[in-house]
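Q: Before anything else, here's the structure in question.
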Amino acid sequence: METYILSIDQGTTSSRAILFNKEGKIVHSAQKEFTQHFPQPGWVEHNANEIWGSVLAVIATVISESGISADQIAGIGITNQRETTVVWDKDTGKPVYNAIVWQSRQTSGICEELREKGYNDTFREKTGLLIDPYFSGTKVKWILDNVEGAREKAENGNLLFGTIDSWLIWKMSGGAAHVTDYSNASRTLMFNIHELKWDDELLDILGVPKSMLPEVKPSSHVYAKTVDYHFFGKNIPIAGAAGDQQSALFGQACFEEGMGKNTYGTGCFMLMNTGEKAITSDHGLLTTIAWGLDGKVEYALEGSIFVAGSAIQWLRDGMRMFQDSKESETYAERVDSADGVYVVPAFVGLGTPYWDSDVRGSVFGLTRGTTKEHFIRATLESLAYQAKDVLDAMEADSGISLKTLRVDGGAVKNNFLMQFQSDLLDVPVERPEINETTALGAAYLAGIAVGYWKDSTEIADQWNLDKQFKPEMEDEKRDELYGGWKKAVNAAMAFK
């Protein structure tokens, strides 16, 4: 009987279930969107029970449509939107409030207060993160402070906190396991990434009772088994978990120090494996745990770019320059260059290495000869310039030069962008055969835990190249183009 690994990819707008075989190939997949709630400007929330319902639905769809039986599933891996926060009642299993999403800015006031009290360095040194509404810690505090009766219940040990992985494992196991993995714990602003434990001082500052927190386990580990009433009468090992970006790093087989990947989604997330060293950044990068595996923890440096694929959507929907995103490549290739035009797509501020939330999008270098093609090309090029900003910061912090960049996400199908990215970084850019690297990473972590795959060496051998883009640009040209980008960013930041 052939067996498979089931990967649950719980994202910001949809939940997916993907069935992988021994070769790491996709056998079947299903996807279901769920509701986004915006109770106030800048706030983003999800209904945690609706997320759970969407996960059950995609699992059922995959099993029924693929024609397999549940006992052919050797294990389940979970990857999830990171930082999104659920607080629920231990006895009833009901969330006390909506899940507060990573994008939500509703804890800005709490963060401002913590920074004013001088806690920035304390959090940075212990967690590798910045005090920002992005991370879970202030979201938990907000729920305890704003939901009637929540703080009292939490202090009595009746409430549980979890990121989405914890919530799903708790639900799948029928409440038997309240756990998370190292990668997700490292995004909470409450976990000491050096001592590998919840930090009492940080919990005290945030006013979060320790009894709420999940147990932290390796990313490849049998956490629990599914309860039969949720899983076609079967008890299947839930055996792997990792935050989405760390999972993509694993799925890209970036197992050696200095290997890196860039995911081109709505925004971009670039991660570099720094091995067993947690490197503190001087250039606006986050220090994070990549995964816990084989009795050790590995770390990564992470850079966040807020606008990537959404800039192409803006050209399509806002500027109406084309009807299909694929056309952006055709238009960009009709001209030899952007003709001195630079687009700084700071629609929601700039992330790494600038961390400036007040700067807004700008266009520079327009002349009477500027065409639609130049404008589209300049917008695509801005994705690559931002990735170079991040990579330069990573190399400066780590002292490691990247040898190749592995890429995934929607925009990697754009050959023009990938070639320009390689030219600008002066390293080969590698696009894998399987683009679903986030779901694949979770499948691999689960598969190793249940013996479906032997180890990371076997997984590295399965990584297959679709296309490699090699740098063709001369140094002088690269320096000239990137110099123009830096001038454009500085000008945009001055215009407030």
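Note that Cβ sites are derived from N, Cα and C of the backbone, with glycine treated the same way.
Residues or ranges marked as sn-glycerol 3-phosphate binding site in Swiss-Prot (evidence: sequence analysis): THR12, ARG82, GLU83, TYR134, ASP244. Annotation source Swiss-Prot lists ATP binding site at THR12, THR13, SER14, THR266, GLY309, GLN313, GLY410, citing sequence analysis. Per Swiss-Prot, ADP binding site is recorded for THR12, ARG16, THR266, GLY309, GLY410, ASN414. Annotation source Swiss-Prot lists glycerol binding site at ARG82, GLU83, TYR134, ASP244, GLN245. Annotated phosphohistidine per Swiss-Prot: HIS230, in sequence order.
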Q: Quick one: among the recorded positions ARG16, ARG82, HIS230, which has the most Cβ atoms sitting within 10 Å of its own Cβ?
A: ARG82
Q: State, in Å as a whole number, the widest CA to CA span among the glycerol-binding residues ARG82, GLU83, TYR134, ASP244, GLN245 given in the record.
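A: Spelled out: the longest distance between any two Cα atoms in ARG82, GLU83, TYR134, ASP244, GLN245 is 15 Å.
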Q: Quick one, of the binding-site residues GLY309, GLY410, which Cβ has the fewest other Cβ within 10 Å?
A: GLY410
Q: C-alpha of TYR134 (sn-glycerol 3-phosphate binding site) to C-alpha of GLN245 (glycerol binding site): distance in Å?
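A: A Cα-Cα distance of 15 Å.
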Q: Taking Cα atoms as reference points, rank the binding-site residues GLU83, GLN313, ASN414 by distance from GLN245 (glycerol binding site) and give the first.
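A: Minimum Cα distance from GLN245 (glycerol binding site) across GLU83, GLN313, ASN414 lands on GLU83.
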Q: Which chain neighbours of the glycerol site, leaving out ARG82, GLU83, TYR134, ASP244, GLN245, have a Cβ atom within 8 Å of the mean position of the site's Cβ atoms?
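A: Output for this site, in sequence order: GLN81, THR84, TRP102, ARG187, GLY243.
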Q: For the ATP site as recorded (THR12, THR13, SER14, THR266, GLY309, GLN313, GLY410), determine the largest distance between any two Cα atoms, in Å, rounded to the nearest integer.
A: 18
Q: Rounded to the nearest Å, what's the C-alpha distance separating ASN414 (ADP binding site) and GLY309 (ATP binding site)? Just drop the number here, would you?
A: 11
Q: Here's one to test understanding: among the recorded positions HIS230, THR266, GLY309, GLN313, GLY410, whose C-alpha is closest in space to the C-alpha of THR12 (sn-glycerol 3-phosphate binding site)?
A: THR266
Q: May I ask which residues of the same chain, at least 6 positions away in sequence, place their Cβ under 8 angstroms from the Cβ of GLN313 (ATP binding site)?
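A: Those within reach of GLN313 (ATP binding site), by Cβ under 8 Å and sequence separation of 6 or more, are SER325.
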Q: Can you see whether DSSP assigns SER14 (ATP binding site) to helix, strand or coil?
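A: For SER14 (ATP binding site) - judged by DSSP and reduced to three states - the answer is strand.
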Q: On a simple 10 Å Cβ count over all chains shown, which one of the binding-site residues THR12, THR13, SER14, GLN245, ASN414 is most densely packed?
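A: It comes out as GLN245.
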Q: When the Cα-Cα distance from GLY410 (ATP binding site) is computed for each of the recorded positions ARG16, GLU83, HIS230, which gives the smallest value?
A: ARG16
